Amino acid sequence: MTAQILDGERAATEVKSELVERIAALTARGIAPGLATVLVGDDAPSHAYVRMKHRDASALGFASFERRLPAETSQEELDAVIDELNANPEVHGILVQIPLPKHLDEQAVLERIDPAKDADGLHPVNLGKLVLNVNGPIDSPLPCTPVGAIQLMLRNDIELAGKNIVVVGRGITVGRALGLLLTRRSINATVTLTHTGTKDLPAHLRQADVVISAVGVPHLIKAEDLKPGVVVLDVGVSREFDEATGKPKLLGDIDPAAAEVAAWLSPNPGGVGPMTRAMLMSNVVAAAERLSA
């Protein structure tokens, strides 16, 4: 068996094409969805991620607001930038690129963003709404990567209702939010959330219909840990120096040999990453609609 590829680029193109009509309706009213990013320091991957987000935004006709700050920026200075963007009516979505320099309080920064402009869907107010709402539609921003991962499967007609899904990693950015989304009645999956305290991870993996890993440990998930026909999503990101090229190499959580066992496999890069950015665009469009209603 060789796994079929969950093509994130193709699915992301679908998502963005579905936004075009909604963006046109906003434009007809003189409103351009506005994405603001705040980048502190010189972390090269962070700069690359922000460039890709603004590239996507530009292609869709968004207004872009970039704030690049030096690594020595104080908490007070960063707070002032967020306050300025919160107050700007042309900004509908704000994203502070993580990680921040260690002297800055990431949680305080995320909480300072206006929940209505929370482009990443990680503000405590929005996560709280997700916790409380199991049945009905949600009219607040949702976490981009978890929603992107789920949409990637649904757009490939992968059945999730009643399936045993093992999520590896309990970070709020992916793992915990995935559990909340997958157990909503509209999906109705059974979720096992594994982490560093989990005993015998392979035993859990071998029972899974779907495995989603987001821990950033290179090739943690081995082919022998998976049952034939499993769906595997690789969300983890780590970097390793490549002696052959002299440059850092991007590695995922899933061992490449898993492709011989799985029915479906998301590549890394090119799988969930493009969908994360597409859902970011969707959050900004939805925020522009709500804030201009």
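Backbone N, Cα and C define each Cβ position, glycine as well.
Predicted, not measured: the structure shown is a model, and the values here were computed from it.
The annotation NADP(+) binding site is assigned in TrEMBL to G169, R170, G171, V237. Positions annotated as domain 'Tetrahydrofolate dehydrogenase/cyclohydrolase catalytic' by TrEMBL: 6-120. Per TrEMBL, the feature domain 'Tetrahydrofolate dehydrogenase/cyclohydrolase NAD(P)-binding' maps to 143-290.
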Legend entry - Number of Cβ atoms other than its own within 10 Å, given for G169 (NADP(+) binding site): 23
Legend entry - Neighbourhood of V237 (NADP(+) binding site), C-beta criterion under 8 angstroms, separation at least six: G216, L250, L251, G252, N268
Legend entry - Greatest inter-residue Cα distance in Å for the NADP(+)-binding set G169, R170, G171, V237: 15
Legend entry - Chain-internal residues near G171 (NADP(+) binding site), provided their CB is under 8 angstroms and they sit 6+ positions away: A214, V215
Inset, instruction - Please work out the helix, strand and coil residue numbers for the domain 'Tetrahydrofolate dehydrogenase/cyclohydrolase catalytic' (6-120) from the DSSP assignment. - result: 60 helix, 19 strand, 36 coil
